[in-house]
Amino acid sequence: MDHFCYHNGVLHVEDVSVEAIAAEVGTPFYVYSRATLLRHYEVMRDALSGTDSLVCFAMKANSNKAVLSVLAAAGAGVDVVSAGEMHMALAAGFPANRIVFSGVGKTRAELEAAVRAGIHQINVESENELYTLAEVARGLGKRAAIAFRVNPDVGVDTHEKIATGRKENKFGIDWERIVPLYQLASGMPGIDVKGIGVHIGSQILDLVPFRRAFERVRDLVATLRASGLKVERVDLGGGMGIPYRRNINDQVGPEPRDYGALALEHFRGMGLQVICEPGRLIAGNAGMLVSRVVYIKKGETRTFLVLDAGQNDLIRPTLYDAYHEIIPVHQADAGAPLLPFDVVGPVCETGDTFARQRRLPPLEEGDLVAFATAGAYGAVMSSTYNGRPLVPEVLVSGDRMAVVRRRPTLEEMTALESVPDWL
Ligand SMILES: *Cc1c(COP(=O)(O)O)cnc(C)c1O
C-alpha cells in the first residue's frame, strides 16, 4: 500500500492528491497506481525467474486499457477469458505469443478468433471443446497450441463463489480423463498439445492447497512423460490471496517469493515453461474507489453513512461479503474517536451496504472516503443498475494523472437502445 499514503494530511496516490483528482473528475471514481501495478508484476516475475516462466495477468480482474498497457510494456503476458478480452488485450499491446485463453464455455467463434490470432495457448476445459477446437483449426489450416486444464480436486479455504478446484465445480477436466485425452489430442491434426494447467480458486491465503495442486500436476507430468507424451508447459493458474485488512496478520496472503519458491521446487529443471495467472495479486492493492459522503443519516439504532458510490460500482461486499478498508481522504486527528457507521450506497437494494458498524473517525457530509484494495474485481464488475453511469477510472504515475476511462454522458448511456416503430 506504500503508493497510497497521506501527505500533509491528505491521501495521495503516488504524488497526486486524491482530493485534487476528485475536484477534477468528480466522484465516485477508481484510481490506480502505475508504480504499484509494476511492482506487483515484477515481484511475481522475479519470484519465478529461476526457470523459463511467463506471468500472465488475469485481465478479468482489471481490463482497463491503460492498466493493461502498463503491464504489456513491462513484458507481462495476459490471461483472457473471452474473445472480447482477447481483443482488448491485443489492442492494449500484448503480443499474441503472450496471450493465454482460459474459460469453460468458449464458443466456436471465440476459438476461431483465438486460432486466427495465433495466441500462445488455449486452455481446453472439456473433451467437446477439444473436438470443436480441432475442427476449427483444421478448417483454418492452422494449429492451435493447447493445454488441458485439469481439475485437481483440491479444496481451498475461500468464499464458495470463488473456489474452482473441486470435482463439483464446473471448471477443468476430471483427473482420470486427462491421460487418454492427452494421448488422443497428441495425434490430432490441428492440435499442438503443450501441457497442462490448473486454477484452484481465488483469494487463497495459504500455500498448502497450492502445494497439493502442484504435487498433483507434477505427478501428472511424470505420468504423461512415462507414456511417451511430450509436456512442455505447466500453467499454475492464479488465486494468490492479498491482504484486504490492514493490521490483521492472519489475513495476509502468501508472499509471491514463497509462492515462486514452491513453484520452482516442483518444476525447476524439468524442461518446462511455468506459466502463472495472477489477477488480484497484481491489481488488487493497486487501486481504490473514491466516493463522497452524501448524507449522514442518524437512525434510531445506527448511523448511516450514505455515499455516492453504490453496489453497482463495487459489488464485492454484497456479492462475496468482501471486506474493504474505508479510509478518510482527509486524515483524522491523532486522538479522534472511532464511531460505528453503517456505510451504504444510494442503490435501492438492502444489499447495497458496504460495511455494517464499521468504526470510522468522525465524518461529515461532503467528505471523501476511499475503499482500499479495489483495483481487482472492482470496475470490471460494475454495472449501470439504477441508471447510474459507470464511474471514471484514473491512472497515476508519479505526479502525473490521466482519466483512462471517462464518465459516459447520459445520452451515451441510452445510445444503444431504441424503441420499435410499431410501438
Ligand atoms: C480468475 C482466474 C485467474 C485469476 O485469479 P486471481 O485470484 O485474481 O489471481 C487466473 N486464472 C483463471 C483461469 C481464472 O479464472
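Glycine is treated like the rest: Cβ placed from N, Cα and C.
Annotated domain 'Orn/DAP/Arg decarboxylase 2 C-terminal' per TrEMBL: 29-375, in sequence order.
Per TrEMBL, domain 'Orn/DAP/Arg decarboxylase 2 N-terminal' is recorded for 36-283.
Taken from TrEMBL, the feature N6-(pyridoxal phosphate)lysine covers LYS60. For LYS60 (N6-(pyridoxal phosphate)lysine), the count of additional Cβ atoms within 10 Å of its Cβ stands at 20 [all protein chains shown].
Residues or ranges marked as pyridoxal 5'-phosphate binding site by TrEMBL: GLY239, GLU277, PRO278, GLY279, ARG280, TYR377. Around ARG280 (pyridoxal 5'-phosphate binding site), the same-chain residues six or more apart in sequence whose CB sits under 8 Å from its CB are ALA58, ALA61, SER202, GLN203, GLY238, MET240, GLY241, ILE242, ALA376, TYR377, listed in sequence order.
All chains included, 14 other C-beta atoms sit within 10 angstroms of the C-beta of GLU349 (substrate binding site). For ARG280, ARG316, TYR320, GLU349, TYR377, the entry in TrEMBL reads substrate binding site.
All protein chains included, CYS348 (active site, proton donor) registers 9 other Cβ atoms within 10 Å of its own Cβ. Taken from TrEMBL, the feature active site, proton donor covers CYS348.
With a CB cut-off of under 6 A applied against ligand 1, none of the recorded positions ARG316, TYR320, CYS348, GLU349, TYR377 are retained. Sequence-distant neighbours of TYR320 (substrate binding site): residues of the same chain at least 6 apart with a C-beta under 8 Å from its C-beta are HIS159, LYS161, ILE162. Per-residue pLDDT, averaged along the domain 'Orn/DAP/Arg decarboxylase 2 N-terminal' (36-283), amounts to 94 for this model. For the recorded positions LYS60, ARG316, CYS348, GLU349, a Cα to Cα distance of within 10 angstroms from GLY279 (pyridoxal 5'-phosphate binding site) holds for LYS60.
Considering only the recorded positions LYS60, GLY239, GLU277, PRO278, GLU349 (substrate binding site) has LYS60 as its nearest partner by CA-CA distance. Looking only at the recorded positions LYS60, GLU277, CYS348, the one with its C-alpha closest to ARG316 (substrate binding site) is LYS60.
Long-range Cβ neighbours of GLY239 (pyridoxal 5'-phosphate binding site) (same chain, at least 6 residues apart, Cβ-Cβ under 8 Å): VAL156, HIS199, ILE200, GLY201, SER202, GLN203, ILE204, PHE210, PRO278.
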